[in-house]
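According to TrEMBL, the protein has these features:
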- A:Arg355: substrate binding site (BINDING)
- A:75-349: domain 'Aminotransferase class V' (DOMAIN)
- A:Lys203: N6-(pyridoxal phosphate)lysine (MOD_RES)
There are 2 protein chains.
Amino acid sequence: MSEAKFQQAAHKLLVIPGPIEFSDEVLYANATPGTAYTSPAFIPIFGDCLRMLRKVLFAEERKDNQPFLVAGSGTLGWDAVGANLIEPGEEALVLATGYFGDSFADCLEAYGAKVTKITAEIGGVPNDEEVIAVLKEKKFKVVTITHVDTSTGVLSPAAHLAELIHTHSPSSLIALDAVCSVASEEIQFDKWGLDVVISATQKGLGAPPGLSVVMVSGKAIKTLEERKSPVGGYYISWKRWLPVMKAYEEGKPSYFATPPVQLIYALHASLTSILSAPLSDRFAAHQAASAYIKDSLTSLGLSFVPLHRSIAANGMTAIKFPPGLKAPDVLPHLAEKGVVVAAGLHKAMAGEYFRIGHMGITAVQRERGDLEKVVGAVKEVLSK
Amino acid sequence: MSEAKFQQAAHKLLVIPGPIEFSDEVLYANATPGTAYTSPAFIPIFGDCLRMLRKVLFAEERKDNQPFLVAGSGTLGWDAVGANLIEPGEEALVLATGYFGDSFADCLEAYGAKVTKITAEIGGVPNDEEVIAVLKEKKFKVVTITHVDTSTGVLSPAAHLAELIHTHSPSSLIALDAVCSVASEEIQFDKWGLDVVISATQKGLGAPPGLSVVMVSGKAIKTLEERKSPVGGYYISWKRWLPVMKAYEEGKPSYFATPPVQLIYALHASLTSILSAPLSDRFAAHQAASAYIKDSLTSLGLSFVPLHRSIAANGMTAIKFPPGLKAPDVLPHLAEKGVVVAAGLHKAMAGEYFRIGHMGITAVQRERGDLEKVVGAVKEVLSK
């Protein structure tokens, strides 16, 4: 064992685009003592989480929607789409707005998809005409949209793109990668006619990482049930999890693989807090936080990766370094001031920008002063 | 949302065969505040966990062994074996001693394996002659052993079976399902010539569920690198995780998918405690705990699912109900006394037995009095 000891250093403000800062209630719930996943205490907690997810995603209207909570990173949701909905050789269309769209495409190919990719220019969103033309060209089993690409901070116009897909390719299933948007951006699962939303706990949902969060439409479940080839995996098979999720929502014990009990308690604490106020207030708070950060940085002469404000995420900001500065000139100095931001990630320009997350309690509990601390630290570091 | 509220009832002693009771240090670590997975504070914690796993599994001799820690349930380890080591149509041999052997076989089939299964009689272990005969019949890419099948409490003679496999099928890769044995039973990864050990955090390793723990030999990695068909998955691809695990052990940041930061802290706390005393003492403590439970229950006139003491696990006990009693006559009354045990799981006899876990602090910190509490409660309930 190395000499590194388990010493918790003074906590630094975590403002990367996930994991985010967690509330004390959430951390307390994550320290719940050992509890059986079949316990009468735990079953309603799991059931509540599934019900609350339907609320957060506005997915209560179509009764055959099915939420899934499975131990894993957000990435596991891509595998779920590939393994359950793609049969080898089927066509998929990926609308990419950064690193995560590219990776989603790689994942679908691992499950045998023939992937067509429309890659937006860096900081931009896919062009409508191009999307329509491609949709008319081929029949796509699945079309994916990255709602907020964490590498660029671009917010795709998901409702608009879903409408285009419904109009020009009504049989396609629409999968929204919402890892970096659930609970920080509005997602209308039913109204937009989405078939899959994939997410994770450590961003807008405000709980520690380690839980894959997925909502699936009845149409997608039916597609799964009608597939001719076997599902492309075991742990990730919705067929195996479906009875378990239904049982938890019905208040009954069930087992396929051990759920991450403590994380479910933590998510329960966070979802309870999220739903204690109208969701519209929550989204407005994220918009206000985003405007504060972007206005403040603009006034420092900084500019952003997204090409327009209208396509910039409300839960994070991707900021270009001023000319002559690179990550090592800025990030370590911010960390010295107790502020942890993230480096760039998009391969084409990783060294040229950095990223600030403003999701969850950092955006909603403005009395914490997180945003002012971030802006103050950036200002001080850049002025040197 | 249901009326169920987040009220933590008085904690009941959790003595199922996982999740187990967690120490205060582990629960505290699981409540670590939001921390970046690239943080200089976190990187050595992750690296330490990997190094400590090599120690716990006696896997320090062969330098090309590779530990993996990935968000997921223990089950995900089966998928890892199937996706990385099996090419469609290849032969696998499963030595099954219960429900979990059967499920491992199902999982391998999902990745295209042609599975031969040797199923021991309930409570027994595979017969040597049969194993040898089957090994001589075909060339198996992978042979799996369930070390402790949590459904029967049977402890397979893993060292002996590995020797048989090395003798009669030297090219086969040996995968040990050790979800219910790591850190409660001795596993000599190098000495026994194992190629994969899969486990999870919530049993002998003493940390909350949600982390898949896998150790892989250099031979298995080489097999992966030489495979002709693509890996059968994305999230579970060792090729994608390999550079990340290597980076963490080298003290450098890396990214493929977000690790469950808090769980890694929790595992670190538990591994640190596990390695603070000689491992031989830990295994002896589990043997003593097991003997205490089994002797005490025998003296109450109870008998066990494993056919002999020599093939009974040291971290759990599967106990037959006395004639005329079923789970509803016993388990709820134990719960009323604050003791949570598990129902039977093996399909052929699920209603006829129950299971007690005695792993981790329950076995090692005897001053807690957990074992006496369990025996006392069973005695009281059965005497009514």
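Placed from the backbone N, Cα and C atoms, the Cβ positions cover glycine too.
Nobody curates TrEMBL annotations by hand; they come from automatic prediction.
The predicted model assigns the domain 'Aminotransferase class V' (A:75-349) a mean pLDDT of 97. Between the listed recorded positions, namely A:Lys203, A:Arg355, the fewest other CB atoms within 10 angstroms of a CB are found at A:Arg355. Residue pair A:Lys203 (N6-(pyridoxal phosphate)lysine) / the residue listed as 'substrate binding site' shows a Cα separation of 14 Å.
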